[in-house]
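Undergrad: I grabbed these lines from TrEMBL:
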- 25-42: transmembrane segment (TRANSMEM)
- 62-84: transmembrane segment (TRANSMEM)
- 96-116: transmembrane segment (TRANSMEM)
- 122-148: transmembrane segment (TRANSMEM)
- 160-183: transmembrane segment (TRANSMEM)
- 236-258: transmembrane segment (TRANSMEM)
Amino acid sequence: MCIVKCFHEIITIGYRVYHSYDLPWFRSLSWYFLLCVNYFFYGETVADYFGTFVQRREQLQFLIRYHRFISFALYLAGFCMFVLSLVKKHYRLQFYMFAWTHVTLLITVTQSHLVIQNLFEGMIWFLVPISSVICNDIAAYIFGFFFGRTPLIKLSPKKTWEGFIGGGFSTVLFGFVFSYFLAQHQYFVCPVEYNSETNRFVTECEPSELFQLKKYSVPLLLQAVLGWETVNMYPFQMHSIALSTFASLIGPFGGFFASGFKRAFKIKDFADTIPGHGGIMDRFDCQYLMATFVHVYITSFIRGPNPSKVLKQLLVLQPEQQLNVYRTLKSHLVEKGILRPSLRG
């Protein structure tokens, strides 16, 4: 629902700015491309996390097996319809709107797909980043209101250096403390997985090392202040510092980008969906940038091989292929000395 509303708000600005209401097929094509891209990304998610369930349904196997081909064929149909809709006196305007639609899809749908991917890694990877952005927005406003004197950027005249710095420190502290409370609960730290036996999602697991208390030595400089030599904390709290730092230093640039966009087209807000706050996109301008960073951070520094995903892929193989995998794995374990050569399977 959020994706659709954000897409609608941005695409409507394009219609108004370029007076494109009379362009043939274009309003229909814009929504058609949204449908195609959503079909592709949600299909990828279904294939990744519902693979075992889908393979048990013969009517769905075809859709999953040829998902990318079907998605590409759907996009090609829209592309051909666009070319056929070109009118001599509107060439440039039609290509403007074609580009506008694709950039809007890049900003909304692809970023939203990353939000969903982050959710499946564990609720904590969603709640800490999104809360950090909200905290930074509120803290920067409070510090700017009471102490703001020095303008930060011309795109947003009300933003001040005092608010930016105060909001940054507050966000890092908030993220560190909030992470400590969330890391104590399995529901927030366990990856979301689909249980094909119970036919539902589960968040039950043995928490990884990231979410197990460890003892850390306090730096000598802080020992004199705190009076502690060691402190117990979760390793994830160290990662929360990186997430909160990004939310406070780089996250606001998503808002600055949105401000520049609105100034370019001389509008105050993307829409009037939320009275006094503008549109849905006005609330999500920083969140999309944050979602991309979290996904990149997880894939670069956190995520390792996922045994459950490997097992799901093995279960959908043909029996002969499963036996080949078994023999290869067995010989590998024997070479490593983990299994004895005489072991029979």
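Glycine too: its Cβ is placed from the backbone N, Cα and C atoms.
Each of these features: where is it, how hidden is it, and who are its neighbours?
TA: Residues 25, 29, 32-33, 35-37, 39-40, 43-44, 46-47, 51, 54-55, 94, 98 of the same chain, all 6+ positions outside the transmembrane segment (62-84), place their C-beta atoms under 8 angstroms from a C-beta of that stretch.
Below 8 angstroms of C-beta separation, residues 123-124, 127-128, 131-132, 135-137, 139-145, 147-152, 189, 210-211, 233-234, 236-237, 239-241, 243-245, 247-249, 252 of the same chain, each at least six residues beyond the ends of the transmembrane segment (160-183), sit close to that stretch.
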